[in-house]
Amino acid sequence: MRVASISKPTSKPSGSKVASQLEAAQAHCRVQGSRLTAQRKEIFELLLRRGGSAKAYDLQDDMRARHGRVAPSTVYRALEFLMAQHLVHRVDALNTFVVCTAEHSAHHPLLLVCSRCQSVTELQDDAAYEAVRKKLRQADSGFVESDIEVKGVCGKCRAQLPAVEQSATAHI
């Protein structure tokens, strides 16, 4: 199982880290036969520079600061492309987007969302994902392929809670 915190970091990524992630994204898109246009690349870069999660309208504001008027559809189309390329995840619980921390291939992450600080941690555990999927099939659900989000309280926030509340949010 692979674990990576992808939201609410203690510091923003360095310029060299952003540059290397942009290069990796461009290479990934080339291999996939897709094109990381200047606009898509800029949206991805803005999300990378934020160092965590962002709402589409936050990214639109960032674009507007650089270019003036920018339509929401421009941002959403770029985000849809980035999600299709497995470069970005949508976090429905927060209505935000985060940069994927896994290798750029089809995968099914478990996104752990802290209800207190809104941090997002990406777990890559195919066995856990398949176990949930199997249970949903057994329940005859109309399961749709997607990321699985689990809401709770992260360890950092739990450590700040009074002892009574800590026991209520103890590990399962």
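Sequential numbering from 1, following the chain as shown.
Positions of Cβ are set from backbone N, Cα and C atoms, glycine also.
TrEMBL lists His107, Glu130 with the feature Fe cation binding site. Neighbours of His107 (Fe cation binding site), defined as other CB atoms within 10 A of its CB across all chains, total 15.
Over all protein chains present, the Cβ of Cys157 (Zn(2+) binding site) has 17 other Cβ atoms lying within 10 Å. The DSSP secondary structure for Cys157 (Zn(2+) binding site) is helix. Annotated Zn(2+) binding site per TrEMBL: Cys114, Cys117, Cys154, Cys157, in sequence order.
Under DSSP, Glu130 (Fe cation binding site) is assigned to a helix (H, G or I) in the three-state scheme. Comparing the binding-site residues Cys114, Cys117 on other C-beta atoms within 10 angstroms of each C-beta gives the minimum for Cys117. Within the same chain, residues at least six positions away from Cys154 (Zn(2+) binding site) with a Cβ under 8 Å of its Cβ are Leu112, Cys114, Arg116, Cys117, Ser119, Thr121. The distance from the Cα of His107 (Fe cation binding site) to the Cα of Cys157 (Zn(2+) binding site) comes to 28 Å. Other C-beta atoms found within 10 angstroms of the C-beta of Glu130 (Fe cation binding site) number 11, with every protein chain shown included.
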